[in-house]
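Worksheet: one structure, shown below.
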């Protein structure tokens, strides 16, 4: 029975030392975390600052980054809307182009389509000159 009492006395004596070791580890971890937080804040990098200053600057920096993030998100949303509008315009232009190509395959009675010297069809949409425009341009030179 005396052996059990000796073990209990030793463990009781060991408890404060163990507790102190755990407390030291906890304080060291908190200290390292504050140093890491301080180094994450651009205005405090490499500076010596109190824990209160670190927390204040960290709060300011988080708020600044949130505003910046919101601005970037709005810019991204605006660009997505612009992209959607441009894609819609591209589809409309492709549709108009395809209907213009159908007209070249089935010429109408108007004089908007002509054949060049290589026997390929030229549309007024291509920016080509009609024979009358070509003669006028030649006469002006």
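Every residue gets a Cβ built from N, Cα and C, even glycine.
Annotations in TrEMBL come from automatic prediction, not curation.
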Of the residue ranges 34-68, 69-103, the one that TrEMBL records as coiled coil:
69-103
Just to be sure I understand, if DSSP states are collapsed into helix, strand and coil, how many residues of the domain 'BHLH' (14-65) fall in each?
45 helix, 0 strand, 7 coil
For the compositional bias 'Basic and acidic residues' (11-24), could you work out the same-chain residues 6 or more beyond its ends whose Cβ comes under 8 Å from its Cβ atoms?
none
